[in-house]
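Peer 1: Attaching a single structure in structure tokens format; questions to follow.
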Amino acid sequence: MPSSALLCCLIFLARVAAGQHQGTQAKDSCIHFPDSLPHMLRELRAAFSNVKTFFQMNDQLDNSLLSQSLLEDFKGYLGCQALSEMIQFYLEEVMPKAEDHGPNIKEHVNSLGEKLKTLRLRLRRCHRFLPCENKSKAVEQVKSVFNKLQEKGVYKAMREFDIF
């Protein structure tokens, strides 16, 4: 066997072995996902506490953005999908607008966003443990109300982040 062919075979086998090792690592981290979730949620709450007062003081609306039906979706078979959609909603629609309230707020909102991204990544990586298939009507309702509130929606959504 020519040395270049042997080298190619060795490289191929090394990649296969590395891929299997990475797959095992991802699988192992997913096994521990339920145990690490409370810690991740505590980190999110701690990050949110840095901006909570600001957004609560600036939310002048009496209505609630997050509804009982969303809570029911979180608890039901749509739980993972509703959570995934809400994370995407906050990362793509709420937080970019929330960052526009000064450099100090932006720093804390960015930190909160990074923790949400980490949670979203873990949810995606461990999707076998949490089926995410159907769209949540409650999340669609939240998005609709948020858009109707226009610039006041960001205060409402950020104020209610801890409910989410």
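Yeah, the Cβs are placed from backbone N, Cα and C, and that goes for glycine too.
Remember, predicted model here, so these are calculated numbers, not experimental data.
What Swiss-Prot shows for this protein is this:
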DISULFID  C30-C126  disulfide bond
DISULFID  C80-C132  disulfide bond
CARBOHYD  N134  N-linked glycosylation site
SIGNAL    1-18  signal peptide
Peer 1: How big is the gap, in Å, between the Cα of C126 (disulfide bond) and that of C80 (disulfide bond), rounded to a whole number?
Peer 2: 11
Peer 1: For C30 (disulfide bond), which of the three DSSP-derived states applies: helix, strand, or coil?
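Peer 2: Its secondary structure by DSSP: helix.
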Peer 1: Can you count the other CB atoms that lie within 10 A of the CB of C30 (disulfide bond)?
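Peer 2: If we count other Cβ atoms within 10 Å of C30 (disulfide bond), we arrive at 16.
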Peer 1: Under a three-state reading of DSSP, tell me whether C80 (disulfide bond) is helix, strand or coil.
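Peer 2: In the DSSP reduction, C80 (disulfide bond) maps to helix.
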Peer 1: Cα distance, C80 (disulfide bond) to C30 (disulfide bond), nearest Å?
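Peer 2: Counting only the Cα atoms, the answer is 15 Å.
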